[in-house]
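K.L.:
This structure is in structure tokens; I'll ask about it shortly.
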Amino acid sequence: MASGNQTMVTDFVFSIFLNLHERGLLFFIPLLLIYGFIITGNLVIFIVIQLDKALHTPMYFFISVLSFLEIWYTTTTIPKMLRSLVSEQKSISLAGCLLQMYFFHSLGITEGCVLTAMAIDRYIAICNPLRYPTIMTSNLCIQLTAGSCLCGFLLVLPEIVWIATLPFCGSNEIHQIFCDFTPVLSLACTDTSLVVIVDAIHAVEILSSFLVIALSYIRIIMVILRMPSAEGRHKAFSTCAAHIAVFLLFLGSVAVMYLRFSATYSVFWDTVIAVTFVILAPFLNPIIYSLRNKDIKIAIQKLFCSQKRAGRIGS
């Protein structure tokens with residue numbers, strides 16, 4: 001669509017996938033396997049937590065919510081990447097780009113809020129164990145989850161609506177593996193300085209989650225170190241280790257990407273950081289939560305053993 005001497009852009013192209021050419025298949029197969037593992041791993045965790053009554057506790061409730069979110073979080077980006085790797089069609093419409101940005105960031109912010117709720121849960125469980133059953137009720141868990149979703153899906157909406165009103169002209173190449181705010185806004189042929197306000201809002205959200213989680217675990221570690229029993233210290237640390245690992249991997253890479261302020265990275269490092277929180281963090285989450293968690297491993301074994309017994313009885 002033309003406006004004066006400028007051609008208005010209605011479709012964007014991911015330049016990174018254009019540069020791969022025939023090598024796309026080499027990346028397609030590993031990425032497909034990773035995506036399959038992410039979906040399967042998180043789905044198994046979600047199902048076993050729902051089916052096993054021994055796991056009907058606040059901690060595992062939040063883990064199941066996080067696994068459910070990870071399925072949709074990766075589905076907003078990876079299927080499009082897979083298609084771009086092997087198909088001649090490497091473009092995305094403006095509407096599709098806006099939807100991808102909205103759901104990706106909404107789900108990402110929701111995950112950050114859920115991680116914060118998990119830190120609060122562990123803080124109360126370890127620092128106030130006697131009051132834990134009366135504080136962390138099922139109703140409070142549901143309210144925290146609903147609040148996380150509300151925060152995630154409302155916070156990004158004004159920015160997406162604003163970007164939808166911008167004219168795009170000239171180059172239509174996005175220098176990233178998915179539609180993200182900075183690469184898309186760099187293609188707008190109008191003043192986008194207002195994005196500084198939006199970036200400040202996102203910075204406050206990221207820093208708030210980071211501070212709450214960090215302060216919670218500083219206090220938790222102080223309490224654990226004062227425990228007289230070595231076994232008690234080990235058990236307390238083990239319940240928090242998985243959450244700390246996910247927190248450092250996910251929020252750490254997000255902070256490096258979105259709290260850069262005036263710093264700029266090359267396209268290569270932008271891509272590496274994006275791969276960390278778009279692909280690597282969701283890939284490692286099922287491993288961290290299942291292989292390092294005795295209760296979930298037992299629940300998975302029980303589930304598969306019962307399925308085998310049902311199969312033998314049916315045959």
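Positions of Cβ are set from backbone N, Cα and C atoms, glycine also.
All annotation found in TrEMBL is predicted automatically rather than curated by experts.
What TrEMBL lists as domain 'G-protein coupled receptors family 1 profile' is 41-289. The feature transmembrane segment is assigned by TrEMBL to 25-48, 60-82, 102-120, 140-164, 206-225, 237-261, 267-288.
Can you tell me where each of these features sits in the structure?
P.N.:
Mean model confidence of the domain 'G-protein coupled receptors family 1 profile' (41-289) amounts to 87 (pLDDT, 0 to 100 scale).
The list of residues near the transmembrane segment (60-82) in space but at least 6 beyond its ends in sequence, with Cβ under 8 angstroms from a Cβ of it, reads 17, 28, 31-32, 34-35, 38-39, 42-43, 45-46, 49-50, 92, 100, 103-104, 107-108, 110-111, 114-115, 117-118, 121, 138, 141, 145, 177-178, 246, 278-279, 282, 285-286, 289, 295-296.
Below 8 angstroms of C-beta separation, residues 59, 62-63, 65-66, 69-70, 72-73, 76-77, 141, 144-145, 147-149, 151-153, 155-157, 160, 178-181, 205-206, 208-209, 212-213, 216-217, 243, 246-247, 250-251, 254, 277 of the same chain, each at least six residues beyond the ends of the transmembrane segment (102-120), sit close to that stretch.
Residues 58, 61-62, 65, 94, 98, 101-102, 105-114, 116-117, 120-121, 181, 184-185, 188, 194-195, 198, 201-202, 205 of the same chain lie 6+ residues outside the transmembrane segment (140-164) yet bring a C-beta within less than 8 angstroms of a C-beta in it.
Sequence-distant contacts of the transmembrane segment (237-261) (same chain, at least 6 residues past either end, Cβ-Cβ under 8 Å): 59, 66, 108, 111-112, 115, 118-119, 122, 125-126, 199, 202-203, 206-207, 209-210, 213, 217, 220, 224, 270, 273-274, 276-277, 280-281, 284-285, 288-289, 292-293.
Residues 16, 31, 34, 37-38, 41-42, 44-45, 66-67, 70, 73-74, 77-78, 108, 175-178, 180, 242, 245-246, 249-250, 253-254, 256-257 of the same chain sit 6 or more residues outside the transmembrane segment (267-288) yet have a Cβ under 8 Å from a Cβ within it.
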